[in-house]
Each structure stands twice: as C-alpha cells, then as structure tokens.
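**Student:** The feature domain 'TFIID subunit TAF5 NTD2' is assigned by TrEMBL to 46-175. Per TrEMBL, region 'Disordered' is recorded for 227-261. If you look up TrEMBL, you'll see 227-253 marked as compositional bias 'Basic and acidic residues'. As annotated by TrEMBL, repeat 'WD' applies to 330-364, 399-430, 441-482, 483-524, 525-566, 567-608.
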Amino acid sequence: MEEEELEKAVHAYLRKKGFKLSDLALQDQNRLSASSHNDLVLTRLENDPVRYHDGYSKLRSWAYSSLDLYKHELLRVLYPVFIHCFMDLVAEGHMQEARTFFHTFREDHELMHLRDLQKLEGILSPSHLEEMELARTLRQSKVKIKLCEYSYDLLLQYLQKTQSIAMLGIINEHINFEVSAGKPSSIADDADVVALVGSSQDEAKQINQKEVRWGLLEDSIEERLERALSDSEKADVESKEVDPEDNKKRSTDGGKQGASIKKLKKDKLVGVTGKNVRSETSMVSMAPRVKPELPLPVMSIEDEQAILEDLRNRVQLSSLALPSVSFYTFINTHNGLNCSSISNDGSLVAGGFSDSSVKVWDMSKIGQAGKTTTVQGEDGSAQEHMLNSDEGKRQYTLFQGHSGPVYSTTFSPFGDFLLSSSSDCTIRLWCTKLNSNLVCYKGHNYPVWDVQFSPVGHYFASCSHDRTARIWSMERIKPLRIMAGHLSDVDCVQWHVNCNYIATGSSDKTVRLWDVQTGECVRIFIGHRSMVLSLAMSPDGRYMASGDEDGTIMMWDLSSGRCVSPLMGHSSCVWTLAFSCEGTLLASGSADCTVKLWDVTSGTKALKMENKASSGSRLRLLKALPTKSTPVSTLRFSRRNLLFAAGALQKS
C-alpha cells in the first residue's frame, strides 16, 4: 500500500508543477512494468499442469452444487471438458499428471461413456493423439450442447468469476452452445442434447436438408387390400338389396349349401375385420406413394394371395389390444448361439453359432421321429445330418459352409431362402427347401456383423467391421452399391419399407440413412451415447426406431431427421426392435431378459399436428414381459400381427 500512495503523491506533485509529459511518461512506464509482470505470471500458469486438475475440480464441484432444476443441464459440460483436459495434458507431455487426472474423475462418466473412456485410456504418449482416430476426431471437432438461457447465464457468471484460463480455453475451443429460451429440458431428454461426432454439425445439417421420399411403393399390397375390401363391402350391400326370400331359398338348396356357408364366413370376415383392417391400414394408406428406384421382382399370384389372406385375417393391435407372443427358447447352446431369426409365419427358426454352423428348426416337425437327410454343400460334397440330432430332442437341419462364427441370419419374405453372415467375411445364401448352399458372396474385408433381406426379397443389405454397408442382389456375386461414411464398425442394417433406402447403425453412435440408387447418405441421426445395435422401420415408412448398448431406444422422423422421443426403460443392450403391422405398437427385446411394448401413437400424434417435438410427445410403455432367464435376441411380427420372439436360455 505504501508504494501505491507514493506513486499517487508523485503524480499529484508532477501535475501540480505542470510537468504533464513527465507524468504521462511515468504512467506508461508503470503500465509496461505491470504488463511484463502479468505476462510472467501468465506464462508460469500456462505451463503448470495443476491448472487442469484444479480448474476441472472446481467446475465439477460448482455443477454438482447447482440448483436441481439446472444441475442436469450444467453437468453436460463436464464430459467434454474432462476429455479435453486429459488430452491437453498428454499433448503437453505431462503424462503422469494426465493419468492421475484421468483416474481421479473417470468414475463420473463411466455410466454414459464407458466405451470411449476405455479407448482413451490407451493413450500413453502425445503421438497416440494423432494415431488414435477417436482422439484425433475429438480434438478436431466441436461438441454441441443444448442449454436453457438461464443455465447458460449461470455458466458464464461462474467462468467470469473464477477466471480459469484453462477451462475458458477448452470451452471456447471445443464446445458450441445451443441456447434455448424457456425452462430447462427434462433429464429424459438428455439422450440427444450432447453429440460427439467426427463430422461437424454443419455437415450433418447440410446432409439432413436433402429430400427423403419416405412413402410406400405405388400399387402396394396394402392398396390392393383396400380395393378388395371396398369391393367386398359393395358386394355385401348389393346382396342385402336382393329379396331375402330368394336368399333363403338359395341357402336351403342342398347343392349350394357349401357355397352358402363359405359366403356366410366371408360376410362375417368382412363384417368383423373389414373395418379393423381399414383402420389398421389407415396410417399406411395416408402415406404418400413413391416409385421404386430398384427393379422389383415379380411376385407370383400364389404369394400375393397368401399375403392378402394374411392381411384379411390380421388382428388389430392398439394400446388396449396387445399382441399374443410366441417365444422360442434355445437350450443347451453352451453360450455358442450368436444370432437367431424367425420366418414371417413363424414356421422356421434359424440360429447362427460360434462353431460356424447354421441350424434351422421346422416347427411342424418338432416331436416327429428323427430321420437322416443329405445336405449338398457349396463344394459339392455330401454331408449327413440328423433333423433330430438326438432321439427325443429338438430336430434341426444343419447348414455347414462358413469357416468362422456366424453373426447374423435372415429369412426371405416367404421363408424359402436363408442368408447368413460370418467372421469369415462372407455371406451365404441357403435354400430351405433343397437344404443346400446356393451362393457364397464375397466383398467385405472384415467380419460381416449383419445381413437383412429387403421387404420384397431378391435384394439384401450387409454391414461389416470394415465400416461399410453393401447392397446385393441374389443373382450377382458382387455388391451393387457400397455405402461408406461411418467412423467405426457398422453393426446393424435395416431396409426402408419402400426399398429405396437402407438405414445403418454404427459403433460411432450414429444412424445413417442411405439412398440405394445413388449410394449417398441422406440423413445422419445424432443422439445415441453408445453403439447402435438394432433398427426398425414403421410400416408407413415415416418413422425409424433405433436401440443402443445402454438400453436407450430413440424414435426418429425420417422426413425431418429429428428425434420424436427417446425411450428409457431397458437396463441393458437393446438387441432387437419390431413395429406391429399397422404401426401402432413398438416391441423391443433386450439383454435384460424382457420384451417391452410401447405405444407409438402417443409419440407421433403431436408431430403430425405440426407441433415441434417436445418432451410432451413421449412414447408410453404399455407392458413389460419378463422371461425367466432368457435375453431376447430376435423379435418379429407376423403379417397377422402375432409377435414372435427368440433367445437362448442362460444358466444362472
């Protein structure tokens, strides 16, 4: 204090005596001296690794002590600050301090970001930051965080008050805040407020502006059903206008008794199910019609009649009328079952195993005496197997040809073909009628995680560890299209109902929608916090559901690319998803040994009323169906709306 008083006295004396230039020169000298001193202190602080630990620790304590109303929003800032503090310490060469910092605060983020933390833990030197793709991507991109206006003001006030240079630098360089007016979002909305992606948000927004024609194909089976029902109703009205005495005479005629009974059944069918089917397909019938971009196979008259018969006998499902569930349990698999699939009518069940085999069970033959058949392998060799491998036990047909574990199986729409994919980088086509391997498709460079037939058959899509998805046709051994763009493994693939698009889910925590004709990505869906394991498309083609490793399910609007509603309910991986045929229900199967049924209409009504997707438009959990000890690996609705499920029994 004495130095300051002395300086003031000197300045006052110089001004009193009229030495203004001397006074100004003295002031400049004092400013330069103070500036050099501050620069020295700042340089010392910038090289001090403790600043990251202290700055983050104080920010963390402040966030956790905030008001509950805003706490969950402010906590979103911690994870990106944490990983960039760690990587900055590594980049500056403070390896020991970086390890200490990482292990001190790691536990805060393990629940939501365990997989990323496991990868980042392998960074042992500054050179690893450039060699590891995840670290390089994180350092080059920005995080988008959504905050309400008041939460954002609180954060700014804290940063201005503490003047933590390290925290200010990280937040300015690596975080973009999306500030919204009004109340803070709910905790349940956290699923899509933080996005860590390799591509910039601007790129995703640019891609999501492309047009997506999400409607159904022209002259679809549903349209034909509508016309058939309309004709049936007209015929019913005309029959009522005929003289009832004539009807009575015709019905008592012995030669036409069978026809009369048949017509009565038909009238009953139209009367009971006609309105139901019409209301079931109302959501579908309102969907716009689009032209196919791929040449579609010609469907036989028998297949069309079979589909129409199934549609006529379809059970209407709603929140008040839940589906019947038929569950197939694999036993004695000895942890060797990797995947399973069920044919559309539930008559065939396939399993892919770690010993490279594929086994198919015919439900109609279970319980019959075992018999031996011959399966013709791809190389022409004859292989013997038992439909009933052990007398009195379940019977199956054994398909052998892969040279590595089988990770995916899928039946064609009518069950006459089966596809399987394997770690041997190949996809094989099997004929379930001939019990033989028809084709081996080669193209992927690494294990093929998933393969799916298109809704019309003939075409199929695959995805792999090589970060690509590919589209194939049955008669060509090379892929028709290769979709590349994901930053990590592509774990699951699903066709759009009009066959013009496929969706892919990846370990990079994003879902992408691809145009099958151009091979271009037309949507990037950002919001998952772990690898995406399952996908499903709604029957009208407008919505898509995706499930991830953390147990979160997200419902997306394909036209806008926005999340309609996140679903929180499962406690483990969501392995499979399926929409009911009329699109009113969503079924989810998980490693937590439950099947959950969700009311889709409660989440989509608000969107159709052109209201913005808010926390109010949330899907409602209708029912949870627990198994005794069987993780659910496969779900499928039949065309008649019976829900099939499958999984392998786990011994406790």
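Just so it is clear, glycine is given a Cβ too, placed from its N, Cα and C backbone atoms.
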**Student:** Six or more residues beyond either end and a Cβ under 8 Å away: which residues meet both conditions relative to the repeat 'WD' (483-524)?
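**Tutor:** Cβ under 8 Å, 6 or more out: 115, 133, 137, 196-199, 204, 207-208, 210-217, 290, 292-294, 296, 449-456, 459, 461-465, 467-471, 530-541, 544, 546, 548, 556, 558, 561.
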**Student:** With DSSP helix as H/G/I and strand as E/B, how many residues of the repeat 'WD' (567-608) fall in helix, strand and coil?
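**Tutor:** Output for the repeat 'WD' (567-608) reads 8 helix, 20 strand, 14 coil.
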**Student:** What same-chain residues lie close to the repeat 'WD' (399-430): Cβ under 8 Å, and 6 or more beyond its ends?
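**Tutor:** That would be 303, 306, 338-345, 347-348, 350-360, 375, 377-378, 383, 436-442, 444-453, 455-457, 460, 462, 464, 472, 474.
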**Student:** What average pLDDT does the predicted model assign to the repeat 'WD' (525-566)?
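**Tutor:** Over the repeat 'WD' (525-566), the predicted model scores a mean pLDDT of 90.
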**Student:** As a quick check of your reading of DSSP, tell me how many residues in the repeat 'WD' (330-364) are helical, how many are strand and how many are coil.
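**Tutor:** Residue counts in helix, strand and coil order: 2 helix, 19 strand, 14 coil.
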**Student:** Sort the residues of the repeat 'WD' (525-566) into helix, strand and coil with DSSP and give the three counts.
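**Tutor:** Result for the repeat 'WD' (525-566), in helix, strand, coil order: 0 helix, 25 strand, 17 coil.
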**Student:** How many helix, strand and coil residues does the repeat 'WD' (483-524) contain under DSSP?
**Tutor:** 0 helix, 24 strand, 18 coil
**Student:** Using DSSP, break the repeat 'WD' (399-430) down into helix, strand and coil residues and give each count.
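**Tutor:** When I sort the residues of the repeat 'WD' (399-430) into the three classes, I find 0 helix, 19 strand, 13 coil.
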